[in-house]
């Protein structure tokens with residue numbers, strides 16, 4: 001059975017991820033304590049189910065300490081992947097402000113009602129709750145595939161989750177992600193490469209509205225020896241250290257490529273690397289600052 005465990009910071013998009021799994025045919029359960037996952041797995045296995053999606057988070061905090069052992073036990077018989085969703089504190093505070101939902105660890109701090117008569121919560125208390133949750137969940141994040149949703153739209157997150165579940169192979173999945181430094185470095189990256197020193201197509205008015213996936217931009221960058229040299233150096237570095245990540249039983253390795261805006265240079269380099277490494281196994285590519293293709 002393929003089991004995908006969705007966990008992470010409240011408000012980071014776990015419900016969206018679980019809905020994608022459900023739409024893909026996974027048997028899904030939300031807020032299931034860790035100690036019940038093996039029992040559910042045995043039952044579903046006996047009934048012929050082949051895909052299970054479980055969301056577990058701080059709402060079941062009494063059992064979170066058991067999750068690493070649970071994952072190791074399940075992995076002996078099943079294909080198990082843990083996806084940890086996170087976001088910046090500022091992004092989470094904004095989301096809670098927009099939805100007026102209560103953080104699981106927040107406490108009511110005043111009696112002043114919100115605009116619709118709902119209970120109001122102090123932003124300081126909310127930020128403390130978020131940081132407390134972040135600290136409590138940090139051991140889970142270290143052993144999971146992390147996805148930072150801070151600057152990510154809902155439809156983009158759906159697209160990313162669909163990509164992650166597309167291939168049922170148990171081999172390590174290599175993910176190349178382009179991003180713009182002006183929007184922040186992805187917190188889910190295992191390796192980060194800065195390509196801002198490369199010639200920038202942005203300054204060519206004909207290329208400015210295009211992206212690193214468009215032929216004119218590709219032709220421009222491929223004509224620059226400096227671009228090809230840096231792409232080759234990054235390729236060699238990733239290829240040299242990839243076996244150590246495989247030996248560490250990692251499910252995913254995220255390689256982030258950053259330029260200023262995440263539109264031209266980083267997109268081109270990420271696509272070039274992905275095309276090379278596809279011969280080595282499972283490869284995904286995503287462009288954080290671009291709308292999902294299709």
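Cβ coordinates come from backbone N, Cα and C, glycine included.
Note that this is a predicted model, so its numbers are computed, not measured.
According to its DSSP assignment, residue 10 (ATP binding site) is coil. Cβ environment of residue 10 (ATP binding site): 57, 58, 59, 92, 103, 104, 105, 130, 133 lie under 8 Å away, each six or more residues apart in the same chain. The ATP binding site annotation in Swiss-Prot covers 8, 9, 10, 11, 12, 13, 14, 15 and is backed by sequence analysis.
The GTP binding site annotation in Swiss-Prot covers 57, 58, 59, 60.
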Residue 60 (GTP binding site) and residue 13 (ATP binding site), distance between Cα atoms, whole Å:
17
Per DSSP, residue 57 (GTP binding site) is which: helix, strand or coil?
coil
Nonlocal neighbours by CB distance (under 8 Å) for residue 8 (ATP binding site), same chain, sequence gap 6 or more:
14, 57, 83, 84, 85, 86, 137, 141, 147
Going by C-alpha positions, which of the binding-site residues (9, 11, 12, 15) is nearest residue 60 (GTP binding site)?
9
